[in-house]
Amino acid sequence: MATFARMKLCLSGSSQAIPSKGISLVAARFQSTASRASYVTPPYEKLMGKLQQVRKFLPGQKLTLAEKVLYSHLVNPEESFSGVSPSDIRGSLYLKLNPDRVAMQDASAQMALLQFMTCGLEKTMIPASIHCDHLIVGHRGANSDIPDSIANNKEIFDFLQSAAKKYGIQFWGPGSGIIHQIVLENYAAPGGMMLGTDSHTPNAGGLGMIAIGVGGADAVDAMTNTPWELKAPKIIGVNLTGAMSGWTTPKDLILHLAGKLTVRGGTGHIIEYFGPGVASLSCTGMATVCNMGAEVGATTSIFPYTDSMRRYLIATHRAEVADAASEVHSEYNYLAADTGAKYDQIIDINLSELTPSLNGPFTPDLSTPVSKFGEAIEKNKWPKKLSAGLIGSCTNSSYQDMTCVVDVVEQAISAGLKPKVPFLVTPGSEQIRATIERDGITERLEEAGATVLANACGPCIGMWKRTDDIASGEPNAILTSFNRNFRSRNDGNPSTMNFLTSPVIVAAKIFSSDLAFDPTHDTLQTPDGKAFKFRPPQGVELPSAGFIAGDSSYIPEPNPQPVPETEVTIDPKSDRLEALEPFEPYQGGEMENLKVAVKVKGKCTTDHISAAGKWLKYKGHLSNICNNTLIGAMNAATGEVNRAYDNGKGMTIPELMWKWKKDGQPWLVVAEHNYGEGSAREHAALQPRAMNGRIILTKSFARIHETNLKKQGVLPLTFVNEADYEKIDAEDKVSTRGIEQLLEGVLDQPITLVVTKKDGSVVEIPCKHTMSKDQIEFFKAGSALNLIREKAHSGVVNQKVIDSIKQQPDHYADAYIFNRHFVIAKGDQLGLPFHLKGVQVGDTIRLDKIASFGSRDFTLFGNPYVDPSLFTIEAVVLSFPKSALSVRVKHKRRHRHDRVMKHKQTYTILRVTELKLN
């Protein structure tokens with residue numbers, strides 16, 4: 001378990017010891033395991049201390065598991081909850097959180113790092129990792145696909161690797177595996193919290209972790225130690241009873257739930273599973289369920305701590321994490337909901353009654369039981385012939401998945417059957433690949449005709465070069481164990497219908513050319529004319545001989561230190577990478593005379609807004625990737641895809657946006673429900689912003705995309721009355737009323753759009769927003785990154801500094817003072833938002849918890865802290881002022897108001913009097 005370092009303080013001229021601000025009981029509990037420290041173990045002592053503070057402000061409140069983990073990661077529980085009613089938290093209160101780590105995949109890491117590099121910091125402030133999985137094409141097999149992809153993406157991989165080295169980020173190279181499988185195997189831990197620049201980051205919920213998909217700007221928040229803001233989600237409780245049997249798998253649980261909730265049903269919620277049925281699920285099975293929670297719009301999903309989680313941790317060489325998790329759960333019931341905890345909605349599912357499902361096409365929530373799939377094919381006139389079967393993706397590429405698949409395949413091969421269609425299999429990681437190869441699974445799959453692809457995303461993210469004769473635009477059906485099936489997503493063909501199902505259903509159906517074949521009941525004819533029926537498959541949860549690492553060169557250093565002198569170059573002539581220019585700050589006042597660039601009809605996912613596939617290569621070049629903006633969107637007026645008009649002249653949507661940017665014409669987009677559904681890709685927000693888009697107006701947003709828009713300085717608005725969607729059209733002129741008040745911090749009034757039609761008539765459309773006070777600051781600054789950069793350059797990120805650090809100080813220190821982060825220089829004054837007990841005005845305090853110490857000429861980095869004998873840093877206590885605490889209250893009319901309570905908050909004001917190298 002991690003050693004819990006404490007700040008050492010001594011009073012000048014006094015022998016009085018100052019206790020750490022924390023919970024001493026918790027500290028005592030965990031000292032016994034400190035010798036087995038692991039940097040991936042959550043800081044349980046700190047988390048329990050935060051949770052105990054939370055319970056003081058929410059006395060008697062029964063907490064769900066999700067709330068426990070979120071609240072234990074609050075920056076300041078007192079600031080968040082003092083004077084707040086429990087009923088005003090979920091769905092209303094913005095939480096400021098400190099995640100434990102960040103993970104980034106290679107497509108999104110490019111933009112995240114380009115943004116981080118502008119902040120001027122020498123290292124990431126929390127552990128971070130980069131995973132090269134999105135840029136590898138699935139074609140002929142791993143042995144040729146990996147070298148080809150490395151050659152084609154050398155510039156990007158070199159950039160990511162050098163940036164990782166410079167800033168102390170772990171780098172998992174191409175072929176190492178899919179980000180979420182590697183996170184599950186190495187970083188996920190019960191009760192921890194992480195952010196990932198991919199929408200399927202919630203996969204780690206299978207290990208009891210709060211793991212949330214975000215855009216790159218949110219990752220920059222975490223990497224710069226800026227508290228990450230999240231509106232407190234509501235909680236959907238899923239009560240599981242019974243146990244699965246036969247052909248039913250964990251994939252069928254989430255496919256069934258997607259059918260019930262729809263793609264919007266989880267928006268603004270965390271899905272928390274509980275009940276006796278949980279114990280019957282494997283850890284990787286629970287990860288599958290959490291992974292696809294993204295498909296219903298959920299913020300994340302989580303399971304309580306179980307024996308299968310402990311077994312998985314031990315099997316993946318993290319016994320110390322398992323021991324620490326078991327201990328904290330035993331002592332504090334941290335990793336399960338409190339008895340009597342309330343949920344905003346409860347869904348009961350009897351696992352014994354579940355049957356296999358197939359979801360699709362073109363949306364992951366159209367769920368059909370396998371027994372009724374044949375009828376659905378006839379009714380909807382879907383293709384009757386299967387064209388390919390694909391197994392893998394971050395959702396279903398575990399060891400257990402592979403053993404289930406090979407059992408099905410061996411049954412068919414033993415009966416003399418052969419696959420009727422191309423059959424592709426993707427292991428989730430190098431560890432999975434090496435282990436299934438050792439155990440003979442790979443050989444048996446290849447003997448059956450399977451093509452084993454690289455340990456990467458491949459076809460799931462559109463990086464699939466098909467080897468069959470399906471022509472572009474030809475209707476065809478594929479079966480996959482993937483998580484998402486939007487039009488054109490997998491192979492670029494808008495007529496390819498992807499039906500999502502479990503790996504075992506895919507494996508069985510490839511032995512029939514009939515898409516309607518039901519392996520749970522139907523039979524196939526063998527070459528000798530006999531009827532063959534599959535028996536229910538049997539898999540193995542964990543390898544009996546243990547996992548093996550495979551190629552150890554993929555494994556990065558456990559805790560890499562930054563190498564500041566590393567050169568990270570961007571060729572100005574490159575068409576793959578482009579340095580970022582800051583967006584202009586908002587100039588104030590109302591927006592006047594915007595024009596509607598396009599009014600979108602129907603589903604508009606991030607795949608429609610910023611397609612992947614062949615466009616992935618431009619993820620690091622904003623100007624180039626802007627050329628795919630909304631190319632999948634349907635024009636509501638004409639029914640055309642990727643078509644817009646300017647005074648009757650037709651052009652592509654990006655062409656119009658570039659034209660209007662050149663003309664100085666700001667614009668907006670109008671769309672329908674769940675705009676931005678799907679991937680976490682922030683390019684879908686960056687691109688409109690870069691081309692002078694200022695407002696996106698919809699019936700509703702997907703959570704991640706709405707946040708990404710706010711981060712980039714684009715104002716997301718929704719209709720107060722959805723019927724008003726019909727009152728606004730492409731090329732209408734739009735001005736705002738109410739933004740001036742918003743900029744002043746007035747949050748509770750709508751913004752009105754004054755729309756001037758082509759015939760000169762005027763209509764007013766009231767709109768809602770969900771901007772917080774911090775998000776308004778992003779908007780005013782031009783983007784969240786502009787604000788972070790400004791704070792970083794002033795010497796501190798998101799902490800109260802009364803006097804900013806001096807320009808170019810002789811020496812500075814990166815200090816942690818009672819878990820609050822400051823970059824300090826001699827003469828600075830600092831405010832700690834609590835009373836520092838045991839000291840008096842005039843006392844001198846020595847600061848020893850220093851992450852780095854440096855000057856204009858050098859920097860010393862600690863591991864995690866610099867040896868205190870190398871420097872002297874002292875601060876004198878100036879005063880203990882009190883400031884009124886402003887809290888949110890509700891009046892009878894249910895309007896929100898800010899009111900100053902009689903309660904006072906005491907601060908400790910320090911001045912840094914000495915800061916020198918010994």
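Even glycines carry a Cβ here, placed using N, Cα and C.
Close to ARG484 (substrate binding site) in the fold, though at least 6 residues off in sequence, lie GLU295, PRO364, CYS460, LEU500, GLY678, SER679, each with a CB less than 8 Å from its CB. Sequence annotations record features per position, and here Swiss-Prot assigns substrate binding site to GLN105, ASP198, SER199, HIS200, ARG484, ARG489, LYS619, ALA680, ARG681 based on similarity to another entry.
Residues or ranges marked as [4Fe-4S] cluster binding site by Swiss-Prot on the basis of similarity to another entry: CYS394, CYS457, CYS460. CYS457 ([4Fe-4S] cluster binding site) carries neither a helix nor a strand DSSP state and counts as coil.
Summarising the annotation, Swiss-Prot assigns region 'Homocitrate dehydratase, mitochondrial' to 31-811. Averaged across the region 'Homocitrate dehydratase, mitochondrial' (31-811), pLDDT in this predicted model comes to 94.
The annotation region 'Large ribosomal subunit protein bL21m' is assigned in Swiss-Prot to 812-918 on the grounds of a curator's inference.
Under the heading transit peptide, Swiss-Prot lists 1-30, citing sequence analysis as support.
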**Asked** Apart from CYS394, CYS457, CYS460, which residues in this chain have a Cβ no more than 8 Å from the mean position of the Cβ atoms of those residues at the [4Fe-4S] cluster site?
**Response** ASP133, HIS134, ILE178, HIS180, HIS200, GLY392, SER393, THR395, SER397, THR426, ALA456, GLY458, ILE461, PHE482, ASN483
**Asked** What residues, ordered by sequence, lie under 8 A Cβ-to-Cβ from GLN105 (substrate binding site) and sit at least six positions away in the same chain?
**Response** ILE130, HIS131, CYS132, ASP133, HIS134, ILE179, GLY196, THR197, ASP198, CYS457
**Asked** Near LYS619 (substrate binding site), which residues of its chain come within a Cβ-Cβ distance under 8 Å, counting only those 6 or more away in sequence?
**Response** ALA107, SER108, GLN110, MET111, ILE156, ILE625, HIS683
**Request:** Just jot down the residues in the same chain as CYS394 ([4Fe-4S] cluster binding site), at least 6 apart in sequence, with C-beta under 8 A of its C-beta; none if empty.
**Result:** ILE178, ILE179, HIS180, GLN181, HIS200, ASN203, ASN291, GLY428, CYS457, CYS460, ASN483
**Request:** Other Cβ atoms within 10 Å is the metric here; tell me which of the binding-site residues CYS457, CYS460, ARG681 scores highest.
**Result:** CYS457
**SER199 (substrate binding site): tally of other CB atoms within 10 A of its CB** = 28
